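As recorded in TrEMBL:
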BINDING   151, 177, 188, 274, 400, 405  substrate binding site
ACT_SITE  188  active site, nucleophile
């Protein structure tokens, strides 16, 4: 598997993208993105579990069962969430306009929105933007599209790989946005992947939903699950590899590459958490089950007390123990081992459920790094899980005090 340097959503053959300024954001920054497959593609979606699902999320849930799709339109600056029947009609109209412009069926176009909750979309300017954006589609438009979906993000998030499959070269490329209100239970804030793999919809659904569960569902910036979390993948089959229709070696190889792309994007989101200064990785080993491992990892990475300790570069292992104990997982406390690590350096801070004697100077050096790993060994089975998050700084409070969700 090879990472594509400067890879974008359009690194995958057969896909075009555009990012333009419709005028939704007062800043004048790009706020409308369009991803387009030149050929009909099978698609899979993962959508938020927040009960206040935004209008575009509800619409996409209904469109998801269609056999083939062609594209996705995304606006930023307005979430179109908690907007009632008007919001639902506006989401549908966005798909209808793009479908007419591209001469496809409405149900072949997905829609996503991100930004302020509770305000109606400014449809007059959005309509104009939707009529214009197809003119800007390009196989070099990935960077503009990634920029157009950003809200409080400091940087765009893009990644792509290619690999050999059945004698053909397959590409998977992705882009994502997310910085705050990050605690997904389905997908990411907004994530979009393209691939030219030849695969059935059934197997794409299986691979994508499983991959989402070990990537975007394992990140947390602030513990809040958004009303708009949505992830999409389009597969156009242009690689012409033998069709993947069973759980065979080709499927496993594709799934491995898909996991790499999704987990890389997930870590980018965690690293770009609002006000973040450090990326926090929590790895749980020897859990009784995968569910237990995931519960413990998410509990620790979500803990505000753990996150503030990481920001303060304080090895407060009591906070980690507390978060583990609150995870509703099955383990024996007296067997738990905890380490803090950076690359090949590690220091054990808890031994058999109690504080360990450790080298303070070595631990302080680890805590000063921009990426810190907390390794938790439950000594209770064979399951493993990893979660990602970030520290909680003064700037997180400042950003969210000034930003209307």
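Backbone N, Cα and C define each Cβ position, glycine as well.
Within 10 Å of the C-beta of residue 151 (substrate binding site) there are 22 other C-beta atoms, taking all protein chains into account. Just so you know, the Cβ of residue 177 (substrate binding site) picks up 28 other Cβ atoms within 10 Å once every protein chain is counted. In the three-state DSSP assignment, the secondary structure recorded for residue 177 (substrate binding site) is strand.
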